[in-house]
Amino acid sequence: MEGWEEVSILAAILYSFPASKDPVTSLLFDSVHNLLWCGDSSGSARSFTPNAGYPFQLYPYTKFPATTSPLPVVQQRNHSRGILSLSQNCVNLNSRRGLSQATFTAASVTDSANVLRNLSCMTTLGTGNDIIVGGTHSLGSLDMQKCVATGFDHSGNLSFVDSVAKTLVLGTTDGTVELFDTASNSSVKSFPAHSGLLSDMAVQGNYIATCGYSARRRYDHKNSSAAGGTSYITDPLVHLIDTRMMKSLSPIPFPNGASFVRFHPKLPNIVIVASSTGVLEFVDIFDQSKLNVYQVNMSPASPGISRMEISDNGEYICCSEGRSLHLWSFTSDTNFVNFPAPLEEQDIPAPLPPPFEVDDPVPLSSVGMPYYKDYLLSNYATDMVFTKELSKVPAEVDTSLGHGAFVPYDRTAHGPRNISQPYQSLREPPGSNSNAPRFISERDGESNENMIHAENSIFHLKSPTSVPHCYSRLQIQYSKFGVDDFDFDYYNKSNGACSGLENHLDNSYTNALLQLYRAAPAFYNSVVESLLPEYLPNGPEIISWNPQGSSLLIELGYLFDMMHKAEGRNVKIANFSQLLTQSASAASAGVINTDEEKSLNADGLREIIIRFNHYLLSELTSNQRERRHTNSEKIEDIMGIKLEMQIKSQCTETETHTGSQLIFDLTSPPEQYLNKLAMLRRAEKTEITILSYMDYFMDQYKSASCRECEARGRPHAVNARQRVVRLPKVLSINLSMTNFELQQIHNCRGWLVPEFHIGEDERFVDAGRGRKYELLGYVCEISHGPGVKRGAHNLVSFVKIKGQWYLFNDFLVMPIAQEEALNLSYSWKKPVIIVYSEPGQDFSYFETSTFKKIQDLDTSIIYRDHFVRAAREGHRQEYKLLTKQEAPEIGTLIAIDAEFVVSEPEQLEIRYTGTRKLIKPKKLTLARVSVLRGNGPNIGVPFIDDYIVWTGHIEDYLTSFSGIEPGDLDPEVSKKALVTLQTVYRKLWLLLNMGCVFVGHGLQNDFRCINLVVPKTQVRDTADLFYLPEFKRKLSLKFLAYVLLKEKVQTGNHDSVEDAYTALMLFQKHEELTRTGDLETVLYQVYMEGQQRRFRAP
């Protein structure tokens, strides 16, 4: 096999979002056409074809989504009808033009064995209508004609699957190769190929070749003892198996570490072996001294070879490296197959006839009209136009009605029967609150009667047939004054005890769950205390996939602390949501929503919040393990449920396994168990509650036959018992139930118990004995109409805080009676996540008086720089860092100003009348922060002047207002010394908790965009200090500086240092006028002069 060389390098994927280390996840040469296929990590399939006139040049042919969700394409296969694509939970069949032919998921086929879940490999068998799929604990067959998935009797995780005649070849994750007979539904033979994992497997004729990893124990050489861990190294041998003789052959040595292996399709005695470092070797399996070695030309920063495939004619080899494809060949022929079929080209539309030009000199009457006798429709008389009132659309049939043979009339859902309902016009749909005050600027024009009527209608809880207004989806309205004019305080009735969360951001469906965990003292303390030690990663690899330089644990800690400091004011989850949206792990977990739940129906909304609950606790636990040790209690200790499994068998000794999980996934018990509870309920007059459900799942018995002894003719049972041995301080319960199962809960009065007690054996006991658990709250889904309707439903939470129950519906917060909170009889009220906790736990809030004395607190970042990369050559530092002698104290004055850029434009609705309505405001991203000393010998000298790195899209730099030029925030080309958002946020957060007083102009907008909540006692805003309410106009910084300081500022591009210094001087002017008693007189003179100059500085 001489003469091979690299003939082409193709950039298959130019950009991937979210960023992935392995964008190309599958490779395939077409068996019919001259096409090279690849799948990527976002679920798209691409094909490339060579041009006959330009050899070795590949051109894009098609690109289309090959999966139902943005999950990686695991594998691709040729099919007579197109290309098969495999993802984690589905199999797609697309034509080579990209048209979808069929999609097979667990929901679309009859899949009683859960075959189509957690898939990792597939192959075809027989005629091609049967697809063999394998994955985690599953091996099955998918009939494409009947849409039926059948499971095989096989256990173990599979990495590869192929076929030899009618026998399947299985490659497992533990390095074993199995021959599986589908006719007898059993394994024929097993070969231990590698002691570690399998990295690749190839089958040709009667031979099987594998490569993989070897497991090695780690040793502590200093103490000459095992360290207790296992590491994996690439195996330097290619394992060969002969299926005719049913034995292993002599392995092929490959010192560079074999990662990929393929048989030559035309020369079955030739094996192609490749390493991740790009070494290619052609070797004869019968004469291993005959070999040819080549090296792939890889880039210096290459992640390594990730895939290798060979064409059907054996003349081309393709290797994937990151986003690039390397094409190798030894011939000038451009065909991947011997007799390629012609490709289907796009249709070319026929040319349109030349247009008839009608301009000012040519009248429209010159076009001509056919002869007619009757009046034209345009001559319709105006008195014959009638407007008919819109009729009421009939309600859709509930899809859950088909689950039972007989469904009685639901009085709670539809009200009493045989009572006429008042007509409701579609022009004024129910739930619209025209009397509710939306804008602060409208307060003066409202009467007290309208205010009382609106309050009664919005916060009224009783509604006989419909959902009360307080549970409806809330929308933030925007006036000409922006979001600051929206009256958030009107919707908060907690008297400052709780803060609502805004819902016009991505992933706002998490608001209900965040409010619930915020009320758990142990959970709150563990998360917030993680902010004390410093965590500021800023390496290049961090910036590429995490430009904020933060973690979910850190952002949640900041969010909880801001919710405490808000004291009833609304809070944004902007930084938390942005980190979640940019996270690759969140995308793979399916917990990202960027359309404000408009694409989710009722089931989808419940599923995504349950998935997020799993993802949140798992990610927080992982983040805490990565951080250095602190004295705070860990999430896994607070919420970890201790489990024990005992396996008893006659042939082996009793085995005991222990483990833990963070969430109790509660489903509906079997029907026979519920029938038993119903009989006990009638006999003993006891209610069916959540404890009845939990009691079934906390101690379960299962049995199965011993396969080994059954094969020897001595069948017996193996009994397994799984039970909960310890419940945590905070118990989180997911209710993964269908609508039909939730209806059973609605019929159980008192299903949600306010408290329960656990004995020493972790079983429920009577009150007064054992450990006590109280209901902290729960998240429920509110259904507005049919469950299949998308974007109509929302999530709320009921939380008990200091003995009082509160309803949290995004930014609506109101107290509620315990009877109403625990009432689950409404058909539209469906619980999703329930949290119980042990009482007697206290919150550890950060107070300014004791903040600096907290153990493990690291404040070093405010005394040093922490750039993303080293300072650029020629960079001039125009600020002076704080020293330990200047350490901030309570009441220390600091002047601050921030600049922003627009990352997303505003969304407008333009009506036919020409009026414009703001649907969603533009999204601002922090670009620069400057902080100056406000007192002391160095007053006015900046000690923070940071530019924040931003790798995303920038819609508008706002250069004339922000002073930010294109490229200033790009770490690759910027001449500024950049820092991460997490770095500058920690500096401001430390200054806030140390008790510093912030001086600035228009700080409300700056703090809102930074997502920083500062108590009013620590804010000195010159826009409010120099403001007279009767004029209803706030003065600009530029105008105040011209009138009061006699200085001209902002003459060019804005400079945040200059603006902060000007605000500091205005504050000193205000203090001076206040001491002399001339403030009101001077302020009136300023407004008078402003009216003469139209409030503009020359």
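Here the Cβ of each residue, glycine as well, is placed from N, Cα and C on the backbone.
Swiss-Prot names Asp897, Glu899, Asp1059 as divalent metal cation ligands; from the candidate set Asp842, Asp946, Asp1006, the record adds Asp1006 to that same site. Here the repeat 'WD 4' (300-338) has Cβ contacts under 8 Å with residues 1-14, 16, 21-36, 38, 48, 50-52, 55-56, 58, 200, 259-260, 262, 264-267, 272, 274-278, 280, 294 of the same chain, all six or more residues outside its ends. Comparing Cβ neighbour counts within 10 Å across the binding-site residues Asp897, Glu899, the minimum falls on Glu899. Those same-chain residues not listed among Asp897, Glu899, Asp1006, Asp1059 yet with C-beta within 8 angstroms of the centroid of the divalent metal cation site C-beta atoms are Ile896, Ala898, Arg928, Val929, Ser930, Gly1000, His1001, His1054, Ser1056, Ala1060.
The average pLDDT for the domain 'USP' (466-839) in the predicted structure is 87. Just so you know, the Cβ of Asp1059 (divalent metal cation binding site) picks up 25 other Cβ atoms within 10 Å once every protein chain is counted. For the repeat 'WD 3' (253-293), the list of distant contacts is 1-2, 4, 199-205, 207, 209-211, 233-238, 240, 302, 304-314, 317, 319, 321, 328: same-chain residues at least six beyond its ends, Cβ to Cβ under 8 Å. Taking a C-beta cut-off of under 8 angstroms and a sequence separation of 6 or more, Asp1006 (divalent metal cation binding site) has the following same-chain neighbours: Ile896, Asp897, Ala898, Gly1000.
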